[in-house]
Amino acid sequence: MSIADEPLYPIAVLIDELKNDDIQLRLNSIRKLSTIARALGEERTRRELIPFLGENNDDDDEVLLAMAEELGVFVPFVGGVEHAHVLLPPLETLCTVEETCVRDKAVESLCRIGSQMRESDLVEYFIPLVKRLAAGEWFTARVSSCGLFHIAYPIAPEMSKTELRSIYNLLCQDDMPMVRRSAASNLGKFAATVEYTHLKADTMSIFEDLTKDDQDSVRLLAVEGCAALGKLLEPQDCVTHILPVIVNFSQDKSWRVRYMVANQLYELCEAVGPEPTRTELVPAYVRLLRDNEAEVRIAAAGKVTKFCRILNPDLSIQHILPCVKELASDSSQHVRSALASVIMGMAPVLGKDATIEQLLPIFLSLLKDEFPDVRLNIISKLDQVNQVIGIDLLSQSLLPAIVELAEDRHWRVRLAIIEYIPLLASQLGVGFFDDKLGALCMQWLQDKVHSIREAAANNLKRLAEEFGPEWAMQNIIPQVLDMISNPHYLYRMTVLQSISLLAPVMGPEITCSKLLPVVITASKDRVPNIKFNVAKVLESLFPIVDQSVVEKSIRPSLVELSEDPDVDVRFFSNQALQAIDHVMMSS
């Protein structure tokens, strides 16, 4: 092939590959479009490649999706923004296909290109495209058009703006529910570009029609529109137009619509403002908390703390707390779990007295819930309550339940308790800790679950940091070292892990006198797993101790292990010896 023919080669290969039966070849070809465009140059890309892609009638959704994605970043390859309009025809075709994800990607790419185009080109090419799609015979085109109005409207001449508003109005009344759904979900974006006078007059009437749609899938998308439109309207208009809609939606016959209201409630409250929320939305929220559908109660329970922050404490205690008490004993474990994940945040909102009197009994009942996720959600947020009622009250009321949960049959609950212990220790102080929780911390080192033993070892390190080496020397080290004679090798491994973590906190003196001899003794263990863990621990200890100790104790032990029959023991001991030699040489 001559050099003169070379630019023809990429397009020829592309055409062949795009017609190939193998979908992977067709996909690879589409993914290489930018490379091919660079080889062809801007003019030939506009003249040959883009028209060819527009005519490509591939029926595989994966190929079409890749094409829609690639075309969205193609503006530089066709000669920049002044030629961006040539990319619109192939994307317009993709906006009409049946597969939703292809259409969505095509709309996304059109929006990206439209936001870069010059105003004159938008008027000449983009607005007519939107009108064509909106008037499309097949519903897919009309669905896609709804996502393009917010790009076309701001630069449209006054006559076109009026036309675009009326077209959008027609789309909101389309016979096909899919089109109305698309119009409802894109209404917020379109409304944000409409002038305020038209927003109040035209857009709000469109919105009110959508809120009365006979399809619940359209109404639930209109719920999202409430929050979006509420942010655009003046507070007074928001109360007039949006508030009645929210109240009606909270009593909608479809549970999915009520679920959306419960899920979006905080955003809706922000839109209408605090005063209308207190007067109008509290009864609506109470209804949702007592809804007969568990999914609605789950969504409403998850927003209880956020909602209470908008209200004053008296209103929360009067209206919301009775519902919270009911939800704490709800028949659905998922409702109780959703409540447990947020209820601790109510303590700072309600204040000390109300927390002690009203919330503590609820916390206790949730801490004893039969469903582990409920208990877990309460444990992980205990610090929020501590800030309000203080550690003395917390320890009196909740500590017995915490101690009980430390032996919970679900290991994730035990793990959550362990992770909370250092925080609890710092708040309780050393005396109280030794009395109530010290024994538990040693007990966890012999748990049947590895994750618990690992967390328990980390916990000891954090406690030693909190209370100091002297306390650790008295309360932790003797008991940990006693466990090295445990008949089960997994517990002996936990001891080695604990020593590795505690040594940096305890310092060189205690490490040499107390910890290192135990590790050296463990190097004679009959189990290979123990021996290679000894090698790892010795590697972690040598930076802590003196040079003389390394030569006298650590190196001879590692040399002996490096001649062990087990391959893993030899590997880790040699690795440790190399690490020691490397440090010696560099120093």
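Numbering starts at 1 and runs along the chain as displayed.
Cβ atoms here come from the backbone N, Cα and C positions, even for glycine.
TrEMBL: automatically predicted annotations, no manual curation.
The annotation repeat 'HEAT' is assigned in TrEMBL to 10-48, 203-241, 242-280, 281-319, 320-358, 359-397, 398-436, 437-475, 476-514, 515-553, 554-587. TrEMBL lists 358-519 with the feature domain 'Phosphatase 2A Regulatory Subunit A helical'.
The average pLDDT for the repeat 'HEAT' (320-358) in the predicted structure is 85. Beyond its flanks by at least six residues, the repeat 'HEAT' (476-514) meets 441-442, 445-446, 450, 453-454, 456-458, 460-461, 463-465, 469, 521-522, 525, 527, 529-530, 533-534, 536-537, 540-541, 544-546, 549 of its own chain at Cβ-Cβ distances under 8 Å. Away from its own ends, the repeat 'HEAT' (515-553) comes close to residues 477, 481, 484, 489, 492-493, 495-497, 499-500, 502-504, 506-508, 560-561, 564, 566, 568-569, 571-573, 575-576, 579-580, 583 of its chain (Cβ-Cβ under 8 Å, at least six residues beyond either end). Long-range neighbours of the repeat 'HEAT' (10-48) within the same chain, counting only residues 6 or more positions beyond its ends whose Cβ lies under 8 Å from a Cβ of the stretch, are 56, 58, 60, 62-63, 66-67, 70, 73-74, 77-79, 83, 86. Panel annotation: around the repeat 'HEAT' (281-319), residues 243, 246-247, 250-251, 255, 258-259, 261-263, 265-266, 268-269, 272, 274, 326-327, 330-332, 334-335, 338-339, 341-343, 345-346, 349-351, 354, 358 of the same chain, lying at least six beyond its termini, place a Cβ under 8 Å from a Cβ of the stretch. Taking H, G and I as helix, E and B as strand and the rest as coil, DSSP gives the repeat 'HEAT' (437-475) the counts 34 helix, 0 strand, 5 coil.
With a threshold of 8 Å between CB atoms, the same-chain residues lying at least 6 positions outside the repeat 'HEAT' (320-358) that come near it are 282, 285-286, 289-290, 294, 297-299, 301-309, 311, 313, 365-366, 369-371, 373-375, 377-378, 381-382, 384-385, 387-389, 393. Only residues 6 or more beyond the boundaries of the repeat 'HEAT' (242-280), in the same chain, are considered here, and those with a CB under 8 A from a CB of the stretch are 207-208, 211, 216-217, 219-220, 222-224, 226-227, 229-231, 233, 235, 287-288, 291, 293, 295-296, 299-300, 303, 306-307, 310-312, 315.
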